[in-house]
């Protein structure tokens, strides 16, 4: 599979996964609400939601979405796949208004548009090729001091959050459980991407060679451990706090952690030009802002924000629209200029 085909296949799977994940969040939230009215809430450690078929449907949808993400990470750079996860917040916001009676006001609707604009910029400027193409390359990068320091920092951070901060402020501050899920999620994504590389090399290594390769099993263990811990603390966060707030915070922190981890491990950004860096950063900031507009700004009084803060939403919407129109105009101008030069060369 050539790089262009892999890129667009990964893009399609990434978008499909956002639809599945956003819908899965809604199913899981409904089940958690029902379980909370019937017994011990998940936020208090209850597991009654495991008996609800709605929760299992949500889990299946999330699993399918993560499966699509798994393949997407194997085909396309993480710098493309991860930021597009913001579209799942858009899906979640729209479906929450329909099925969970969570109102979506003008700020939320503008946030949806800003997310779409930011996603467009990212698709246009994300790296089209992956510098790390083999499992051996990943293993060598995995044992570099930079990534070992990152992984150790994530481990220490999670120990402190789970055993120190969690019992004290876990029920009053959503950042505790969200940061646990996001930071461990970055390790899971790196393991997921490595397993994708392993599957692509199965013809070279052979099934037995792959199953006897220690690094392959290390990736499997990291993925299984990371996902199980993520799901547990994500369930607690969803049960205690507003769905939109949890989804927004998770997206922002997850994106930051994954981009840092992928930059250290896979060196995906080395092939980009300066303008690509600028446009990618703009796109990510636009998606993050759109996510906040769909969650925090849609209920300003809930988060002790003044109504005048809506001005921020309009300002961001206008700026993001201007950046995208400038991008489109620049591309069209360059193409017209090249066509005009070709025409003159024949005259």
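Keep in mind that glycine also has a Cβ here, set from the backbone N, Cα and C atoms.
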Legend entry - Of 31-47, 48-64, the range TrEMBL labels transmembrane segment: 48-64
Inset, instruction - For the transmembrane segment (70-94), name the stretch out of 106-126, 146-164, 211-233, 245-265 with the most CB-CB pairs under 8 Å. - result: 106-126
